[in-house]
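Engineer: Below: one structure in structure tokens.
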Amino acid sequence: MLTFMASDSEEEVCDERTSLMSAESPSPRSCQEGGQGPEDGDSTAQWRIQDSEEDGEEDPDRYVSSGVPGRPPGPEEELTLKYGAKHVIMLSVPVTLCMIVVVATIKSVRFYTEKNGQLIYTPFTEDTPSVSQRLLNSVLNTLIMISVIVVMTIFLVVLYKYRCYKFIHGWLIMSSLMLLFLFTYIYLGEVLKTYNVAMDYPTLVLTVWNFGAVGMVCIHWKGPLMLQQAYLIAISALMALVFIKYLPEWSAWVILGAISVYDLVAVLCPKGPLRMLVETAQERNEPIFPALIYSSAMVWTVGMAKLDPSSQGALQLPYDPEMEEDSYDSLGEPSYPEVFEAPLPGYPGEELEEEEERGVKLGLGDFIFYSVLVGKAAATGSGDWNTTLACFVAILIGLCLTLLLLAVFKKALPALPISITFGLVFYFSTDNLVRPFMDTLAYHQ
């Protein structure tokens, strides 16, 4: 039973029978104030229903455009639009920061643009004069790289399906240790060499230790949300720099195209590994490990909060034009049907919405390959700023379109295909068409 505050400050108690009242057989309406009799209630109900029917006869489809027939496009649609824009900003800012860190490092630190080795996953070299042989080697490197990614993803899904959580945690902790300690040590050393900054080894070791220890605590246990997000962006940038340095040029572009296709298949196919991982997590009502996912809101993991399952409930109210006509909430705003959730114990009612907001989640692999594309554009070929900025804008446009599709389909979608496709198209078109045109134009001026 819900109580709505009318505009004339009269309180009416509406139950299920009164909310489903029809014009053909109006049910008597009970009112608790003012001594109003049943006859007055019937006449009031009939007047409201007739008025709504007359409005419906004028234009029966006037509210269909909002997506829900018979529902006015009011504040709820505006609220949805605001949250959509907020979610775009929540993901655009960290993606932008990650790409800025990578591009700034590529433009200033020569270590990450020097080719003095390759990954074990790309054994075929591209130092051949033959274009066909170079293309073949890049395709073979791509096949090996994608095969390794597929095998490791399936292995992770199998471990998660059989609840091997300790093994997964150990795997992720070892990866985080390598990124936060070893790769950070290498990165900091090269930055200090580039800018000719002297630092003794004890200070360097202490700095790396503090950085890595705090990162391990924030990522795998507890910590402020913004600090956790900053560490996830940092490890994504470090991993992207490793790929930029050790991936051959042609192999990098072919891998970017192939990984976007694989991401499409892995997420959208019924038996795709990433889709199975997401569906398994949803069935168990468990969050995916924070070390794999960037979240714009706090991700609750096992041990961070003890919630009472019996306290979580929802009440779905049916849509009733009569209630909507002069039903107002306690703040005087029009009240629309929605899902009311019981407050969790220990949280104030006014903070419930903020605490329950899950935010938007983006895989760290998407951060890495976005940054690889922009970093390769800045490091290889002409390396001019026009090409780099074109790839940067293309990735953000693709991310916005992906979020738009996410709002439409309301299910997990791959974040790489649109952004990587736009990035590759913008890179090759800018590098081969726009840049020569601008050089010629500047020469003749």
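Just so it is clear, glycine is given a Cβ too, placed from its N, Cα and C backbone atoms.
Fair warning: this is a prediction, and the values are worked out from it, not measured in the lab.
Straight from Swiss-Prot, here's the annotation block:
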type	residues	note
ACT_SITE	Asp263	active site
ACT_SITE	Asp366	active site
COMPBIAS	19-30	compositional bias 'Polar residues'
INTRAMEM	414-434	intramembrane segment
MOD_RES	Ser22	phosphoserine
MOD_RES	Ser25	phosphoserine
MOD_RES	Ser30	phosphoserine
MOD_RES	Ser52	phosphoserine
REGION	1-76	region 'Disordered'
TOPO_DOM	1-87	topological domain 'Cytoplasmic'
TOPO_DOM	109-138	topological domain 'Lumenal'
TOPO_DOM	160-166	topological domain 'Cytoplasmic'
TOPO_DOM	188-200	topological domain 'Lumenal'
TOPO_DOM	245-249	topological domain 'Lumenal'
TOPO_DOM	272-361	topological domain 'Cytoplasmic'
TOPO_DOM	383-388	topological domain 'Lumenal'
TOPO_DOM	410-413	topological domain 'Cytoplasmic'
TOPO_DOM	435-445	topological domain 'Cytoplasmic'
TRANSMEM	88-108	transmembrane segment
TRANSMEM	139-159	transmembrane segment
TRANSMEM	167-187	transmembrane segment
TRANSMEM	201-221	transmembrane segment
TRANSMEM	224-244	transmembrane segment
TRANSMEM	250-271	transmembrane segment
TRANSMEM	362-382	transmembrane segment
TRANSMEM	389-409	transmembrane segment
Engineer: Could you list the residues of the same chain, at least six apart in sequence, whose Cβ is under 8 A from the Cβ of Asp263 (active site)?
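Structural biologist: Counting only residues 6 or more apart in sequence, the Cβ neighbours of Asp263 (active site) under 8 Å are Leu274, Pro414, Ala415, Leu416, Pro417.
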Engineer: At a Cβ cut-off of 8 Å, and with pairs 6 or more apart in sequence only, do we get at least 3 pairs between the transmembrane segment (250-271) and the transmembrane segment (139-159), yes or no?
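Structural biologist: Judged by the Cβ rule, the two regions touch, with the required three close pairs present.
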Engineer: Between the transmembrane segment (201-221) and the transmembrane segment (88-108), do 3 or more CB pairs sit under 8 angstroms, pairs being 6 or more residues apart?
Structural biologist: no
Engineer: Measure from the Cβ of Asp366 (active site) and count the other Cβ atoms within 10 Å, all protein chains considered.
Structural biologist: 24
Engineer: Counting only residues 6 or more past its boundaries, what in the same chain has a CB within less than 8 Å of a CB in the transmembrane segment (201-221)?
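Structural biologist: Those are 169, 172-173, 176-177, 180-181, 184-185, 188-189, 192, 227-228, 231-232, 234-235, 290-291, in sequence order.
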Engineer: For a three-state summary based on DSSP, what are the helix, strand and coil counts in the topological domain 'Lumenal' (383-388)?
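Structural biologist: Each residue of the topological domain 'Lumenal' (383-388) counted once, the result is 4 helix, 0 strand, 2 coil.
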Engineer: Which residue counts does DSSP give the topological domain 'Cytoplasmic' (410-413) for helix, strand and coil?
Structural biologist: 0 helix, 0 strand, 4 coil
Engineer: With H, G and I counted as helix, E and B as strand and the rest as coil, say where DSSP puts Asp366 (active site).
Structural biologist: helix
Engineer: Looking only at the topological domain 'Lumenal' (109-138), how are its residues distributed among DSSP helix, strand and coil?
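Structural biologist: In the topological domain 'Lumenal' (109-138), the DSSP-based counts are 11 helix, 0 strand, 19 coil.
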Engineer: For Asp263 (active site), what is the secondary structure state per DSSP, taken as helix, strand or coil?
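Structural biologist: SS state of Asp263 (active site) = helix.
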Engineer: Where else in the chain does the topological domain 'Lumenal' (383-388) make close Cβ contacts, counting only residues six or more beyond its ends and a cut-off under 8 Å?
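Structural biologist: Non-local partners: 103, 374, 377, 427, 430-431, 434-435, 438.
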